[in-house]
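> Before we start, here is the structure in question, set down as structure tokens.
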Amino acid sequence: MTTSPIAWKPASDQKFQDILFDKAEGVARITINRPERHNAFRPETLDEMMTALHLARLDPEVGAIILTGAGDKAFCSGGDQKIRGEDGGYRDSHGVNHLNALDLQRMIRTLPKPVVAMVAGWAIGGGHVLHLVCDLTIAAENARFGQTGPKVGSFDAGYGAGLMSRAVGLKKAKEIWFLCRQYDAKEALEMGLVNTVVPLERLEEETMQWCREMLRHSPTALRVLKAGFNADSDGLAGVQELAGNATALFYMTQEGQEGRDAFVEKRPPDFSKFTRRP
Ligand SMILES: CC(C)(COP(=O)(O)OP(=O)(O)OC[C@H]1O[C@@H](n2cnc3c(N)ncnc32)[C@H](O)[C@@H]1OP(=O)(O)O)[C@@H](O)C(=O)NCCC(=O)NCCSC(=O)CCC(=O)c1ccccc1C(=O)O
């Protein structure tokens with residue numbers, strides 16, 4: 001990728017091994033930094049991504065988050081097959097097996113700021129599901145997409161299947177999973193897998209431009225819209241997320257605060273002054 005004209009600076013003091021974490025203009029960027037394995041993730045990579053996402057969530061300067069991969073050959077090639085164990089997961093450096101990509105997926109879904117996948121090269125296997133769970137995907141012309149699970153002895157029948165069929169339709173989603181074909185950026189755009197496709201050299205600028213446009217808009221509106229978009233496919237956990245926003249907004253009203261004040265002042269609450277709106 002070409003040298004960036006964006007003034008990226010470290011987003012935290014935390015030391016990471018598998019990712020880079022920086023920010024600029026109100027946007028945090030998390031980069032999977034394992035290009036020698038096409039940015040395949042191992043358990044430690046996913047833990048670090050979750051830590052960075054948490055920090056980005058807490059950072060009041062950050063209004064949008066970009067997920068990407070180092071270099072221009074791959075966004076992410078999914079679980080690192082070279083450390084896949086026999087005991088139901090991917091081995092960490094202590095020999096413990098994990099399937100923590102699923103935790104990361106849920107975290108992206110519930111993060112109350114837009115998460116944008118910036119995809120150059122391969123987004124394949126669990127790396128394909130990773131871009132799918134992001135809110136938006138900006139792809140370079142060299143991006144290639146697909147699932148490999150049934151070929152390499154794996155599957156993601158959760159978000160990997162469910163969100164895919166919502167994005168591209170049931171028949172196409174089954175084709176993608178059952179046949180394990182690869183699709184170029186143009187095909188991905190046509191089937192609704194990505195939001196736009198740009199030349200590789202414009203990928204970062206275009207992604208930042210989409211983030212800048214979102215940053216001009218109401219953070220609460222974006223937050224509640226994201227929860228609303230996800231609510232039905234996330235079941236009661238989705239309703240919980242959406243309802244949590246209602247609670248937060250209610251806490252900001254005089255009506256909500258009357259209940260708190262009455263308790264603290266040891267008096268009965270007086271809700272009579274609050275309108276029963278039509
Ligand atoms: C993407 C390819 C088609 C690209 O092919 P090519 O351009 O020819 O490059 P290569 O020479 O193959 O690759 C270069 C280099 O990278 C290594 N590499 C690539 N991908 C991986 C990988 N996933 N793991 C480990 N290493 C990888 C490759 O070996 C080369 O290095 P060498 O030193 O030369 O060996 C092609 O690379 C390819 O097909 N890659 C594999 C894609 C794949 O199958 N990914 C895994 C799918 S399964 C998965 O991701 C499940 C994980 C998951 O999220 C999940 C799902 C459900 C429940 C839980 C979980 C979870 O928690 O993990």
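Keep in mind that glycine also has a Cβ here, set from the backbone N, Cα and C atoms.
OK, TrEMBL features for this one:
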BINDING   77-81, Tyr90, 122-126, Thr148, Ser154, Tyr251, Lys266  substrate binding site
BINDING   Gln147, Thr148, Gly149  hydrogencarbonate binding site
SITE      Tyr90  site 'Important for catalysis'
SITE      Tyr251  site 'Important for catalysis'
> Around Gln81 (substrate binding site), which of the listed recorded positions (Gln147, Thr148, Gly149, Tyr251) come within 10 Å, judging by Cα atoms?
none
> Output the one of Gln81, Thr148 that, of all these binding-site residues, has the highest number of other Cβ atoms within 10 Å of its Cβ.
Thr148
> For Gly149 (hydrogencarbonate binding site), which of these recorded positions sit within 10 Å, Cα to Cα: Ser77, Trp122, Gly126, Tyr251?
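For Gly149 (hydrogencarbonate binding site), the recorded positions whose Cα atoms are within 10 Å come to Gly126.
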> Of Gly79, Trp122, Gln147, Thr148, Gly149, the binding-site residues listed, which put a C-beta under 6 Å from ligand 1? Please answer none if none do.
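Cβ under 6 Å from ligand 1: Gly79, Trp122, Thr148, Gly149.
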> Counting Cβ atoms within 10 Å of each candidate's own Cβ, which of the binding-site residues Ser77, Gln147, Ser154 comes out highest?
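Per the Cβ count, the most surrounded site is Gln147.
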> Between the Cα atoms of Tyr251 (site 'Important for catalysis') and Lys266 (substrate binding site), find the distance and write it as a whole number of Å.
19
> Between the Cα atoms of Lys266 (substrate binding site) and Gln147 (hydrogencarbonate binding site), find the distance and write it as a whole number of Å.
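Cα-Cα distance, Lys266 (substrate binding site) to Gln147 (hydrogencarbonate binding site): 60 Å.
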> Taking the centroid of the Cβ atoms of Gln147, Thr148, Gly149 (hydrogencarbonate site), which other same-chain residues have Cβ within 8 Å of it?
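Near the hydrogencarbonate site, beyond Gln147, Thr148, Gly149, sit Gly78, Ile124, Gly125, His128, Gly146, Pro150, Lys151, Val152, Ser154, Phe155, Asp156, Trp177, Cys180.
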